[in-house]
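Engineer: One structure coming up, written as structure tokens, with questions to follow.
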Amino acid sequence: MGKKIEKIGVLTSGGDAPGMNAAIRAVVRACAYYNIECVGVYRGYQGLIEGDFKMLTARNVSNIINRGGTILKSARSKEFRTKEGREKAYKEIKKAEIDALVLIGGDGTFTGGMVFNQEFTLPCIGIPGTIDNDICGTNFTIGYDTALNTVVDVIDKIRDTASSHNRLFFVEVMGRDAGFIALNAGVGAGAEEILIPEEDLGLDRLLESLKRTKRSGKSSSIVVVSEGDKIGKNVFELADYVEEHLPQYEVRVSVLGHMQRGGAPSCFDRVLATRLGVKAVELLLDGKSNLMVGLINNKVETTDLDHAVKGQHEINKELLRVSDIMSI
Ligand code: F6P
């Protein structure tokens with residue numbers, strides 16, 4: 001039987017995602033509900049190393065459910081990757097009498113948590129927060145739905161110019177190694193082609209498809225490219241290549257970048273974050289550790305952190321087929 005949990009630390013780490021604040025709020029308020037203390041750790045693992053902590057009460061997290069980013073701030077700590085860094089972090093945790101941690105972030109966050117747990121046996125639960133949706137053990141990560149809506153909104157605007165000028169636009173979206181954003185936003189925004197790392201379309205097929213599109217009478221087109229796409233060229237090189245081989249097209253590139261990570265979270269992300277935040281605290285109080293909470297078929301479920309990171313969250317290939325049919 002582990003030590004009774006009386007004080008939980010919560011941190012956000014890695015890329016921020018809309019809905020992280022709703023998750024923080026849920027963790028803090030669930031702690032208050034169960035009469036235990038909650039400590040906010042600032043700047044992710046870097047703040048853990050530096051003892052950058054603040055006690056959080058239910059009232060400290062008022063008016064944040066609607067805010068993008070993370071009030072706890074985030075970082076990608078290099079120091080935490082070293083044994084010395086993690087030792088410092090453990091000392092700070094002991095000093096602050098923190099009994100367990102809730103880690104909100106993506107695969108890097110969970111990997112750090114697992115290493116830490118192996119070395120120091122501190123109970124921890126992960127909450128998936130990343131716009132990439134590239135985590136196994138949940139259908140949706142916090143921030144993904146908001147990012148999709150942001151991307152679709154922006155592509156709708158780009159479409160106005162594409163159609164007014166009869167242009168072909170390559171729109172690059174985020175998703176370091178995963179095509180979830182590209183695939184779903186691409187279908188939602190009516191893109192002609194979607195290039196994702198999980199499925200290599202190949203340059204020849206891309207050219208063929210764009211030729212067919214032109215022949216079919218379309219005057220403008222949108223190709224959504226995931227930043228992690230493995231076609232062998234970056235989006236600018238790709239645009240040059242297409243312009244060179246298909247001079248009938250006037251090509252432009254739009255890289256959406258960090259605008260995809262900002263903004264108020266969608267209702268879906270707020271509800272998801274709230275459900276997962278409450279469950280994370282309840283799991284710790286139940287003596288559980290090394291798990292991630294996620295949503296599967298609209299039920300809150302748990303997965304081993306290790307599986308969450310190493311398992312494959314497959315894209316829905318059906319969407320590629322549907323997209324092909326739509327680009328007739
Ligand atoms: O993991 C989220 C993400 O936004 C990826 O899609 C992207 O590749 C990366 O973070 C960018 O990270 P940074 O903001 O540190 O440049």
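Glycine too: its Cβ is placed from the backbone N, Cα and C atoms.
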Engineer: Just to be sure I read the record right: ARG76, SER77, GLY106, ASP107, GLY108, THR109 are listed as binding ATP in TrEMBL. Which of GLY9, GLY15, GLY19, GLY175 is listed for the same site?
Structural biologist: GLY15
Engineer: In TrEMBL, the ADP site includes ARG25, ALA26, VAL27, VAL28, ARG29, GLY190, ALA191, GLU192, LYS218, SER219, SER220. Which of ARG43, ARG159, ARG261 does it also list there?
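Structural biologist: Among ARG43, ARG159, ARG261, only ARG159 appears alongside ARG25, ALA26, VAL27, VAL28, ARG29, GLY190, ALA191, GLU192, LYS218, SER219, SER220 as ADP-binding in TrEMBL.
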Engineer: Around GLU192 (ADP binding site), how many other CB atoms lie within 10 A of its CB?
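Structural biologist: Excluding its own Cβ, the number within 10 Å is 22.
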Engineer: What is the set of residues, excluding GLY15, ARG76, SER77, GLY106, ASP107, GLY108, THR109, whose C-beta falls within 8 angstroms of the centroid of the C-beta atoms at the ATP site?
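Structural biologist: So the extra residues in range turn out to be SER13, GLY14, GLY44, GLY105, THR111, GLY112, THR130.
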Engineer: What number of additional C-beta atoms lies within 10 angstroms of the C-beta atom of THR109 (ATP binding site)?
Structural biologist: 28
Engineer: Based on Cα coordinates, which of the following binding-site residues are within 10 Å of GLY106 (ATP binding site): THR130, ASP132, GLU192?
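Structural biologist: Hits: THR130, ASP132.
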Engineer: Tell me which binding-site residues (ARG29, GLY108, ASP132, GLY190) have a Cβ under 6 A from ligand 1; sequence order is fine.
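Structural biologist: Near ligand 1, sequence order: ASP132.
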